[in-house]
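Heads up: the structure comes next, in C-alpha cells.
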C-alpha cells in the first residue's frame, strides 16, 4: 500500500518562474559578492506603508492588547467597515453599486485568482491570454483541467489568446467555445490596457455563450488615460458574467501586509448538471467560510485607512512616484531604439529584446553586464518569448542608475 500523489503537479514546469529568476540572481551574487544588483523583476514594492495606514494599523494593534477591545475570529468574508469603504471609493465613483456581501476580503489576489477555480467543474474549457500571469495557468494544471505541456510551451486542453505587437496586445475572441476566460487589465506582464469598447467585446461574448470572465484588476490604481475602464462592471451586463479581483499590494504597499478583495455579484451564476442556475456568490462564500479564517482585524483597519482623506493623498503620492519610475524606464529604453510597451497605465514595462535575442539570454545579459534583474517574457507563455518585463517598483535613484547601466551596453 502506497500513498499516491496528485500527478497533475508533475505536469508543471520544473520551477515557478520567479523562483528560477531568484536562483540565477543568487548564483550571480554568490559568484560576484561585490556586485550591486538592482532588482526590477518581481513586482514587489519599495516604498513603506503610508503614515495614515501605519497610524491606523498601530491603533488596531493597541486594541488587540486591551481586553475590552480585543477581537478574536472575525467574519471570514471580512468586516463590513472595510467592504463599505471599498464600495464607496472603488466602485460608486464609476457608477457601480454593490452590496457588502458581494465583497470578499482576502489575504491576496494571487490566492483568490488561484483558488476561484475550485468552484467550477473540472470539465470547463479555460481560456487565458498569452503571455499570462502564470498563476492562472498553473492552478488549473494542478486541478487537472489540462493535459501535458506540448513542445510549443502550451498545455493541452487550454485555449491561448495571443497578445503581441501585431495585434496591439489586444486578444482576439476564442475561436472555439470556452466557459471561463481569465483577463488581467492593466495587464501583467505586458503593461497594456483595453479600452471600454475592447473589453465590451469580451463581456458580450460571455453573455452570448454563458461564459464567466475572471477579471484581475490588481493594477487599476495606475490607470492614467480616460478611455480605460477602472472596473469591468462599468461595461453593461458585466455583473451577470464577471468576477473581479483587486489588491492593496501595489496600490498601498501591502505586499508584506497581505490584503485584497474579490467581488462576486449576486447576478453572476453557473449551472449544475441538471441545468439549474446557481449563484457563484453562494459557492465562493461556502468555499471561503470552509477554507479561510479571514484577514486579521489590524490589517483590515489599516486597509480601510487607505480610503481616508489623508490616506488617499499619501497613496496618490506613492503611485505617482512609481509611475514616474515607469516614465523614466520607458523613455530611456526608447532612446536606445528598443520597442517598449506598457508603462503608461501600468507599473510594468514590456521590452522587445534586441537582435532577436531570446528572453533568458537578454535576462542573463542584463544581469551579468549591467547587474539589473528583469523577468524573461518567455516565463509568461510562448508569446512572451523575445520580451522582458521590467517593473517600476524600485527607487527612483536605482531606476535611473539601472537605465544608465543598460544604456552603456552593446546590443
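Each Cβ is built from the backbone N, Cα and C atoms, and glycine gets one as well.
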> 109, 110, 133, 188, 219, 247, 248, 249, 258, 293 bind pyridoxal 5'-phosphate in Swiss-Prot, but which of 73, 79, 322 does that record place at the same site?
Replying inline: 73
> For the substrate site that Swiss-Prot assigns to 16, 110, 133, 188, 293, 389, which of the candidates 43, 72, 78, 256 is also assigned?
Replying inline: 43
> So of all those binding-site residues, 73, 247, 249, which one's Cα sits nearest to residue 43 (substrate binding site)?
Replying inline: 249
> Judged by the number of other CB atoms within 10 angstroms, which among 16, 73, 133 is the least packed of the binding-site residues?
Replying inline: 73
>> Distance check, please: Cα of residue 73 (pyridoxal 5'-phosphate binding site) against Cα of residue 293 (substrate binding site), rounded to an integer number of angstrom.
In response: 7
> Which one of the binding-site residues (247, 249, 293) has its C-beta surrounded by the most other C-beta atoms within 10 angstroms?
Replying inline: 247
> Far apart in sequence but close in space: which same-chain residues, 6 or more away, have a Cβ under 8 Å from residue 250 (N6-(pyridoxal phosphate)lysine)?
Replying inline: 43, 45, 218, 219, 221, 222, 347, 393
